[in-house]
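A.B. asks: Before anything else, here's the structure in question.
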Amino acid sequence: MAATLGRICKSGLLKPNYGTLIGQTSNFSTIKEWPRSRKVLLTCLGVTAGGISALIYALDSSVRAADLIAHPPTYKWDFYGWFNSLDHASMRRGWEVYKNVCAACHSLQYVAYRHLIDVTHTEAEAKALAEEVMIEDGPNEVGEYYKRPGKLYDYVPSPYPNEEAARASNNGAYPPDLSYIINARHNGENYVFSLLTGYCDAPAGLTLREGQYFNPYFPGGAIGMAQAIYNEVLEYEDGTPATASQVTKDITTFLMWTANHEFDERKQMTIKVN
């Protein structure tokens, strides 16, 4: 048996075939060399995409640079902070500002008089405020609409019956509702404060149409709302000096509340959880 195996090995019948194995192994590989033309094409596409992106960025940057928009500074508001809440005295004065200055043009349609109870006014005071306005109601039993004194459940009425009347009274501009203006604008409280105090002379080269005013915090710089807040624009019931900055701070604090009725409650819950 051993002699037979020796003859078979010498004859080469059991010699390993390395060439065949290597060839088979190479056939199992999925890696293929990309042709030069494809490499060139992909390189060109990458360069083109990068160039287009750079162009878009440059154009966008130039447009932003051309816009007459000033970014409002960040003021130190006393209602921020773990243990701070909205200043209710300031909110009450803010209601006075809205009523005597803002209400001539701007609505507050998502605020009812009952919302003021134990926030800015007592129930009796809120009821008296509601009764100062006449609310359209109806129809009655004969199908007619009528006016009645306001009630606590009524919402603060708009100064205009519809949008068309509002635009006609404001040179085509539509005064926005102020209920959620703080949340509707980026950096809301700082934006509102800066806008109300930011009126100034237009820079050279900027032409304003009749009924427009320059304010660097308004997109484009041309705003249809005239400056409404000045020193001593009203007299506060509590005797607080009505400087322009104080008036603006109070109306901004009030509008922070109208946009966030649960501001203090949410903060209290956060403190309890922590």
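Just so it is clear, glycine is given a Cβ too, placed from its N, Cα and C backbone atoms.
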A.B. asks: For the heme c site that TrEMBL lists with Cys102, Cys105, His106, give the additional residue from the candidates Met134, Met225.
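C.D. replies: Given Cys102, Cys105, His106 bind heme c in TrEMBL, the matching entry from Met134, Met225 is Met225.
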A.B. asks: For the recorded heme c site, enumerate neighbouring residues of the same chain (Cβ within 8 Å of the Cβ centroid of Cys102, Cys105, His106, Met225, site residues themselves excluded), in sequence order.
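C.D. replies: So the additional residues around the site are Val101, Ala103, Ala104, Pro175, Leu178, Ala228.
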A.B. asks: List the residues of the same chain that sit at least 6 positions away from Met225 (heme c binding site) in sequence and have their Cβ under 8 Å from its Cβ, in sequence order, or write 'none'.
C.D. replies: Cys105, Asn170, Ala173, Pro175, Tyr213
